[in-house]
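Participant: What follows is a single structure, and I will ask about it in a moment.
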Amino acid sequence: MSKTVITLKLWQNIFPALISHERNVHAFRQITEKNEPKRVQLDYDYLFDPKNTENIERLTQRRKGVGNIRKILNIKEKLSKLQNNAEEYIKIETELENEALLIPNQASPHLMNYGEEPCILEEVNPKPVYNYKPKELHELAKKLDVLRTDNLGNLTGHRSYFFKNGLAEMEQALINYTVSYLLTQGFSLISVPDLLYSDIIEACGMATRGKRNQSQTISKGVGGCCQLIRTEYVNLKIYSNEKTFEIVDLGSQLSIVGASFGGKKIKDDHQSGRYQVHGFTKVEMFGVTDAERHSESHNLYIQLTQIQKHLFSRLGLHFQILDMPHHELGAPAYTKTDMEAWMPGRAMFGEISSASNCTDYQSRRLNITYKDENGNIRFAHTVNGTACAIPRTIMAICETHQQEDGTIAIPEALHQYMAGRKVIEPPNCKNTMSWIKHKIYPGKIL
């Protein structure tokens with residue numbers, strides 16, 4: 001985080017000598033709370049408890065995290081030995097918070113039974129069988145004139161694409177199909193910006209620097225780095241930033257249609273511009289719950305996975321539902337489910353969606369709270385899931401529903417959103433263009 005605010009609770013935990021008298025507490029509050037925004041409130045009770053140290057260390061290692069609980073405890077010990085040196089305390093306390101922010105969320109205990117591989121919870125719909133060798137999307141698209149991925153080096157670089165004709169129609173149909181169903185399930189649709197400051201993205205537990213970063217920097221300004229994010233649900237989380245809900249208002253969900261930037265790498269991605277792309281359209285789901293019975297967020301998490309299952313099964317896809325192991329959780333998730341569709345042309349499964357229960361990990365960083373029935377302020381839980389990642393879903397649909405003559409049968413669930421169209425066929429008159437590569441020089445294009 002770019003700024004650190006010392007909390008009274010933290011001072012009282014590890015610097016009791018200075019905050020021992022009531023008048024000092026009053027003065028401290030006046031100094032630290034005046035004109036200051038609410039800041040992150042990490043679970044230091046959990047981090048400082050020696051009974052948790054080995055488990056935190058084990059979880060961090062299994063999740064391939066960069067946090068170091070031993071270093072955090074050493075900094076805490078250093079703080080406790082300071083004698084009335086507020087300036088030095090602020091410096092070291094900043095270091096403490098920066099290190100504590102790197103510790104990942106706790107994980108569901110059942111994941112300790114897993115190794116490196118996910119657990120297959122369920123397979124949905126039978127795997128398609130063909131009496132011919134199924135083609136990949138790029139092979140189908142060439143005949144149907146529905147996709148362009150070549151000669152984009154001077155425009156957008158590799159891992160980009162243009163949908164046209166039938167696939168452009170299918171893209172809009174998938175958005176409408178998904179959003180229409182979410183609205184029947186009580187979701188509210190929201191439109192958000194694509195750009196966020198890096199410190200906000202990091203508050204959601206996502207890296208913005210280094211090899212494992214999950215954003216793309218656009219510009220640097222007074223407010224920090226302005227970045228494009230990999231998943232739009234982050235925007236839904238910051239929509240609730242610094243917000244305190246009444247408990248009766250919790251349970252409502254938000255959905256969003258937006259662009260995501262920077263695709264997740266998969267093995268054998270030999271056809272660029274189709275699966276792993278720089279930017280693509282997603283429909284995301286997000287919800288905030290209370291934590292009175294410790295099951296509310298899990299129930300919503302299950303609800304989101306059932307919505308995903310319903311949407312994909314109606315598209316006639318063969319897919320598997322996976323319970324993901326520690327190293328696939330990322331920093332924020334307590335538990336995470338992926339759905340992978342069978343891609344017949346590629347003869348492999350590919351991820352098309354995921355859902356995560358992040359418990360209070362992100363709400364502590366974004367200060368998303370609620371008032372319980374007794375009027376006490378508590379941290380909410382956040383849950384998110386992808387309802388539809390458009391290009392990956394299109395790939396799965398086209399490869400699954402391809403026909404021997406090279407046409408693509410459109411799933412019945414999409415017919416009403418494609419003006420009754422049932423098949424993607426070659427156009428009557430195909431556009432033919434010759435692409436000319438330009439040499440780019442500083443200041444001009446020749």
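Cβ atoms here come from the backbone N, Cα and C positions, even for glycine.
TrEMBL does not curate its annotations; it predicts them automatically.
TrEMBL lists 72-99 with the feature coiled coil. Here TrEMBL flags THR231, GLU284, ASN384 as L-serine binding site. Marked as domain 'Aminoacyl-transfer RNA synthetases class-II family profile' by TrEMBL: 263-411. Residues or ranges marked as ATP binding site in TrEMBL: VAL277, HIS278, GLY279, PHE280, GLU351, ILE352, SER353, SER354. Feature annotation from TrEMBL assigns site 'Important for serine binding' to THR386.
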Participant: If you run through the domain 'Aminoacyl-transfer RNA synthetases class-II family profile' (263-411) with DSSP, how many residues end up as helix, strand and coil?
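Facilitator: So the domain 'Aminoacyl-transfer RNA synthetases class-II family profile' (263-411) is made up of 38 helix, 53 strand, 58 coil.
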Participant: Please tell me which one of the recorded positions listed here (GLU284, ASN384, THR386) sits closest to SER353 (ATP binding site), measuring Cα to Cα?
Facilitator: THR386
Participant: Measure from the Cα of GLU284 (L-serine binding site) to the Cα of every one of the recorded positions ILE352, SER354, THR386, then give the nearest.
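Facilitator: Closest by Cα distance to GLU284 (L-serine binding site) among the recorded positions ILE352, SER354, THR386: THR386.
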Participant: In whole Å, note down how far the CA of ASN384 (L-serine binding site) lies from the CA of GLU351 (ATP binding site).
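Facilitator: Approximately 16 Å lies between the Cα of GLU351 (ATP binding site) and that of ASN384 (L-serine binding site).
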Participant: Please report how many Å separate the Cα atom of THR386 (site 'Important for serine binding') from that of SER354 (ATP binding site), as a whole number.
Facilitator: 6
